Amino acid sequence: MRKQFAVIGNPIEQSRSPELHHAFAEKTGIDLQYSKRLAPLDGFRDSVADFFNQGGVGMNVTVPFKEQAFAQCGVLTERAKIAKAVNTLWMQDGVLHGDNTDGQGLVDAIRALGWNLEHSDILIIGAGGATRGVIYPLVQAGAKKIVIANRTLARAEQLVADLQAAVPQAELQAMALTDLIGQFDLAINATSASLTGDALTLPECLQFNFAYEMAYGKPSSFLEQAKARGVPTSEGFGMLVGQAIESFYIWNGVKPELKDFL
Ligand code: ATR
């Protein structure tokens, strides 16, 4: 029988994971089927149990279940523990295992663009789950300072307090979005502003050399302002592909090349 995989979320129709994983499978010669599963908002645990009881090999988890998946796993990777969210599940010796590949997906996407992360100063705008998931992989990739700027300063401060001990080799700093100032190698928009269509206004004096928007396929006022500054930009499709490749690698032991799918 073909190996069975699925992405679980609510809603799920919009997910591009099946097409990505089928493209990886074709490229690497692995026989698999990857489907979408809509779980009821109060039925995540049962849906996961059903999938693995029926012989499923691996699951991706998307909104709004990543924190529930984290809570449900018996074994977690270090990066999933730090992210406090899980997007990749598999069963091993009867125990549910969880990882979070979002941050490595971002790192791989940035590297595929040829942007340097070694000794970098990074600005991340936003202090939600998306930011939490990428700090550790960015530091592992060489970031030496990360400023987290958020509309609600207290949330950025909380994130710094939570995560600084996990990344002792880097300096984390919280800032209010309204006080945002400085010079950075890379600016990342990790807010949900582009998803909701809200504008994000960057101060004139803010300087950065590259700009990465985590969202994709939406107008982004962050990217418009970056382009007006004349810096190279990217939206988040590469991150989506990157996290999918990392999940595929965990499950199948084979790593497709990111650049083949951009
Ligand atoms: P996610 O899990 O995707 O990170 P989240 O936890 O809801 O989602 O966090 C959304 C982030 O986007 C937060 O940092 C939020 O700022 P607040 O903490 O002040 O709410 C930020 N955000 C959303 N809309 C925004 C806007 N219009 N301007 C600035 N920041 C915004």
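Cβ coordinates are placed from backbone N, Cα and C, and glycine is handled just like the others.
Per TrEMBL, active site, proton acceptor is recorded for LYS66. Around the Cβ of LYS66 (active site, proton acceptor), 22 further Cβ atoms fall within 10 Å across all displayed protein chains.
In three-state terms derived from DSSP, TYR216 (shikimate binding site) belongs to neither a helical nor a strand segment and is classed as coil. According to TrEMBL, the shikimate binding site annotation covers SER15, ARG16, SER17, THR62, ASN87, ASP102, TYR216, GLN243.
Applying an 8 A CB threshold to same-chain residues 6+ apart, the list for MET214 (NADP(+) binding site) reads LEU106, ALA130, ILE188, ASN189, ALA190, GLY236, MET239. Among the features that TrEMBL reports, NADP(+) binding site is placed at GLU78, GLY126, ALA127, GLY128, GLY129, ALA130, ASN150, ARG151, THR152, LEU153, ALA154, ARG155, MET214, GLY236.
The annotation coiled coil is assigned in TrEMBL to 146-173. Listed as Cβ neighbours of the coiled coil (146-173) (distance under 8 Å, sequence separation of 6 or more from its ends, same chain) are residues 82, 121-128, 131-132, 135-136, 138-139, 180, 182, 184, 191.
The domain 'Shikimate dehydrogenase substrate binding N-terminal' feature in TrEMBL is assigned to 7-89.
Model confidence over the domain 'Quinate/shikimate 5-dehydrogenase/glutamyl-tRNA reductase' (116-194) stands at 97, taken as the mean pLDDT rounded to a whole number. If you look up TrEMBL, you'll see 116-194 marked as domain 'Quinate/shikimate 5-dehydrogenase/glutamyl-tRNA reductase'.
Taken from TrEMBL, the feature domain 'SDH C-terminal' applies to 236-258. According to DSSP, the secondary structure content of the domain 'SDH C-terminal' (236-258) in residues is 17 helix, 0 strand, 6 coil.
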Largest tally of Cβ atoms lying within 10 Å of a Cβ, found at which of the binding-site residues SER15, ASN150: ASN150
Number of Cβ atoms other than its own within 10 Å, given for ALA127 (NADP(+) binding site): 26
Binding-site residues near ligand 1 among ARG16, SER17, GLN243 (Cβ under 6 Å): none
Conformational class of ASN150 (NADP(+) binding site) under the three-state DSSP mapping: strand
Composition by DSSP (helix, strand, coil) of residues within the domain 'Quinate/shikimate 5-dehydrogenase/glutamyl-tRNA reductase' (116-194): 31 helix, 24 strand, 24 coil
